[in-house]
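According to TrEMBL, the features are:
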type	residues	note
TRANSMEM	21-42	transmembrane segment
TRANSMEM	54-73	transmembrane segment
TRANSMEM	80-102	transmembrane segment
TRANSMEM	114-134	transmembrane segment
TRANSMEM	154-180	transmembrane segment
TRANSMEM	208-227	transmembrane segment
TRANSMEM	239-258	transmembrane segment
TRANSMEM	264-297	transmembrane segment
Amino acid sequence: MIRRRRRCRRLTDKRGMTMGISSIILCIMIGLSSGLMTYLTASGMSLIVAGTGNINFGQGAFYIVGAYICYYVTSAGLPFGVALLVGMLVPGAVGALLEIVLRPVHGKDMTFSWLIMLGFSYIMCDVLVFICGYKVRATPIPAFLKGVVRVESLGLAFPIYYLFTIAISLAIGVILWVVLNYSKLGMYFRAIISDRKMVENLGINVNLLYIAMFMIGTGLGGVAGALNAPISGISPKAGLTVFASVMPALQIGGMGNMKGCLPAAATLGVITGIASLVIPTYYNCVASACMVIILFFKPHGLFSKGMEA
């Protein structure tokens, strides 16, 4: 998902072993940063899968919308924090619209909803092409997040922005966990996942809960894209490749299992980061290869006993 592993290529230096260790540590940290942003995108998809049974094939489009919003908001001179917030809220609002479009096919053959979401993603990408053009955009790193943290004993210089993405991704994950486990909204979510009919019989508006699920799920994809915007170039069609990059974490974590997304995405990120140092030509295939191997032995993923992956 995030094209930045070239930083992790093996470095040669007279210090030999020290430089090798620093390269490995750098790749692990960059891989962890990438993995945690993948976690945000995958957990949003997982929430929608758990609640509605539908895989949001358009999640990559919401990711790129968040990235573009970050670019334009920061270009307007507004604070980066505002860009992240708007990059989450706007995709969330569009996600609510997507749920309304999908509502007539809830509970029917999932092929209908999958095709609608896939078509929706293509429409969003074409709208972005119309508005933004094909030019690749580069979002500057905020001034207060520029620079590196140095560990002289290892000869390591780690970019501050990557540490920021790790911290923000973990913070969002903690907030999400608290909301889902200790709030009234989270209680309703868990109830509708377990027994929709019971929730309806209690007089709770199920449609509003579905809208909330889509808003949170797509908003997570948007904020992940906004976080990644200063790291890699942005183009409208890039959203179509994000889904393929997120699927290994979603499948290995267990389809519809949000708790499983975090260890799956973080581990895959670290493994891919190390692979970029060892096999830089083929590192993009590592996550998918891990998914195929694991699903061969555990068809439901490592952390799920529910829907077959």
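Note that the numbers count up from 1, one per residue, in the order the chain is shown.
Glycine is no exception: its Cβ is also placed from the backbone N, Cα and C atoms.
Not measured: the values here are computed from a predicted model.
Tertiary neighbourhood of the transmembrane segment (114-134): same-chain residues 54-62, 64-65, 68, 94, 98, 101-102, 105, 235-237, 239-240, 243, selected by CB-CB distance under 8 Å and a gap of 6+ residues from either end. Contact check: the transmembrane segment (21-42) against the transmembrane segment (80-102) gives fewer than three Cβ pairs closer than 8 Å, residues 6 or more apart, which falls short of the contact criterion. With a threshold of 8 Å between CB atoms, the same-chain residues lying at least 6 positions outside the transmembrane segment (239-258) that come near it are 1-2, 35, 38-39, 41-43, 45-47, 49-50, 55, 57, 59-65, 121-122, 124-125, 128, 176, 180, 193, 225, 264-265, 268, 287-288, 290-291, 294-295, 300-309. Listed stretches 80-102, 154-180, 208-227 were compared with the transmembrane segment (54-73); the greatest number of C-beta pairs under 8 angstroms is found for 208-227. Only residues 6 or more beyond the boundaries of the transmembrane segment (154-180), in the same chain, are considered here, and those with a CB under 8 A from a CB of the stretch are 13, 15, 18-19, 21-22, 25-26, 29-30, 32-33, 36-37, 39-40, 43, 84, 141, 145-148, 186, 189-190, 216, 220, 223-224, 227-228, 230-231, 258, 262.
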